[in-house]
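Data block below; observations after.
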């Protein structure tokens, strides 16, 4: 292995390790420390191979091209602004640099292992830091504000807890590592539930459920019982929502969300096929202009870049489910620590349904790592 190859591999690993600390940015959300590592890796791989890294499969590649063209078209036809150009630049960083480069590196089992262990360390450092600061509500609020709002901090704590669950149930891992993970799981659960961030609680539940499915996959009786219990718990959840609708309505900010969705559908329909543009302001009746964040990935893209762009992004996620999540859950050779990475991104998709689309590189490095896990190793 040449010096440039090692440089590329370790640059991607460092990007993954630093990605949870996305408040250390050089230029807002548009350029962070991890992006420097990723750009170095991208250039190094190009110099070594003479080719640009490519996306995992043809279907994803086509969907990414359509999505980027939709973003570019929306920028051109709308009033071009610095924010919209930076938004386009950010998506190029994600889909042209981050994902192909990281997948190329994480197909190597050695660097995949180092990446997962490094991620375990960084996420749990954040979990311990947040747990310590939670002794003072004001200090915990200060930590949450580093991530713009408390939601993002508790998403990371959910991720840490899911990864700890995966390592705890991974018999190939060192006993000390599993003991440490066992001690951190209840702390993570307490922090997530105590934080009262419904999207983080939902993400943790989804991640734990996926790990449970994988652990019971080879035991038909256990799997059937697990699925029956899951259905029963879902029914209980529906009954709870029906009986406590007012509480759910307030805690979930459903009134604000329904208003967002209505605005996105109405204004987005009027501005097809290219939308109103990235980060554009929305014209409302009465002549007012409002800058609003849509807490649903499809409606957000439907409004900003049009139906085709929203559909292509949806296809990228569905293709991940088809080519990564489903094969991963049916595979017999994956470790539960690796399956936990799949569970984290699956939880991320659930978050995208009720929150703004995450553009932080953390989520897309997890996306890339999960592809590397299920693809043949090199």
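Cβ coordinates come from backbone N, Cα and C, glycine included.
Residues annotated as transmembrane segment in TrEMBL: 7-24 (among others). Residues 32-35, 37-38, 40-42, 44-45, 48, 98, 101-102, 105-106, 108, 111, 114-115, 118-119, 121-123, 126, 146-147, 156, 159, 360-362, 365, 369 of the same chain, all 6+ positions outside the transmembrane segment (7-24), place their C-beta atoms under 8 angstroms from a C-beta of that stretch.
Taken from TrEMBL, the feature transmembrane segment applies to 36-54 (among others).
TrEMBL lists 61-82 (among others) with the feature transmembrane segment.
As annotated by TrEMBL, transmembrane segment applies to 88-106 (among others).
What TrEMBL records for 113-132 (among others) is transmembrane segment.
Residues 20, 116, 119-120, 123-124, 126-127, 130, 143-144, 146, 177-178, 181-182, 184-185, 188-189, 191-192, 195, 197, 199-201, 203-204, 207-208, 211, 215, 335-341, 343-344, 347-348, 351, 360, 362, 366 of the same chain sit 6 or more residues outside the transmembrane segment (152-169) yet have a Cβ under 8 Å from a Cβ within it. The transmembrane segment annotation in TrEMBL covers 152-169 (among others).
The transmembrane segment annotation in TrEMBL covers 176-193 (among others).
Annotation comment: TrEMBL describes 199-216 (among others) as transmembrane segment.
The feature transmembrane segment is assigned by TrEMBL to 223-245 (among others). Outside the transmembrane segment (223-245), and at least 6 residues removed from its termini, the chain residues within Cβ reach (under 8 Å) are 209, 212-213, 216-217.
Sequence-distant contacts of the transmembrane segment (299-318) (same chain, six or more residues past either end, CB-CB distance under 8 Å): 59-60, 63-64, 66-67, 70-71, 73-74, 260-261, 263-265, 267-268, 271-280, 282, 293, 349, 352, 356-357. Per TrEMBL, the feature transmembrane segment maps to 299-318 (among others).
Under the heading transmembrane segment, TrEMBL lists 339-355 (among others).
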CB contact flag for the transmembrane segment (36-54) and the transmembrane segment (88-106), at least three pairs under 8 A: yes
